[in-house]
């Protein structure tokens, strides 16, 4: 399945959460790569129901009495407008400030640099 969306700026929290050691290890286990400490946010025209694609669920954890939620990941391939691509994953935390129209994508490298992306660029997601 192919989905198209636009690159948008995030809330700046992805780098903190992806950088937490328990998340980093879990994402490596589930995706096969150690994620870059940050996410690429992609805004869709319609709500996206991740559960339709059998995502992999992961549990939350606790650090110094603070709880961090689990979530789901789905392996995808992301393409820029020139057709360059990379294997990466949609990550959907159980607790998020994003709408169901915004996807957070993790990858082993910084996607904006690797795929030469800027805000409002169209990307293709292949599931």
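A Cβ is built for glycine as well, from the same backbone N, Cα and C atoms used for every other residue.
Just so it is clear, the model here is predicted, and its values are computed rather than measured.
Here Swiss-Prot flags 10, 11, 12, 13, 14, 15, 109, 110, 111, 112 as CDP binding site. The Mg(2+) binding site feature in Swiss-Prot is assigned to 39, 41. Residues or ranges marked as FMN binding site by Swiss-Prot: 96, 104.
Residue 14 (CDP binding site) falls within a helix when secondary structure is assigned with DSSP. The two recorded residues residue 109 (CDP binding site) and residue 39 (Mg(2+) binding site) have their Cα atoms spaced 10 Å from each other. Taking the Cα of residue 41 (Mg(2+) binding site) as the reference point, the closest of the binding-site residues 10, 14, 96, 111 is 10. Long-range neighbours of residue 111 (CDP binding site) (same chain, six or more residues apart, CB within less than 8 Å of its CB): 36, 40, 78, 86, 88, 105, 117. Checked against residue 39 (Mg(2+) binding site), the binding-site residues 10, 12, 96, 104 differ in C-alpha distance, with 104 being the nearest.
A sphere of 10 angstroms centred on the C-beta of residue 14 (CDP binding site) encloses 21 other C-beta atoms.
In this structure, 96 is the one among the binding-site residues 39, 41, 96 with the smallest number of other Cβ atoms inside 10 Å of its Cβ. Calculated from their C-alpha atoms, the gap between residue 10 (CDP binding site) and residue 104 (FMN binding site) amounts to 9 Å. Looking at residue 96 (FMN binding site) and residue 12 (CDP binding site), their Cα atoms lie 13 Å from each other. When the neighbouring Cβ atoms lying within 10 Å are counted for each of the binding-site residues (10, 12, 104, 109), the highest count belongs to 104. Here the binding residues for CDP are 10, 11, 12, 13, 14, 15, 109, 110, 111, 112. Their largest Cα to Cα distance works out to 19 Å.
Residue 104 (FMN binding site) carries a strand DSSP state (E or B).
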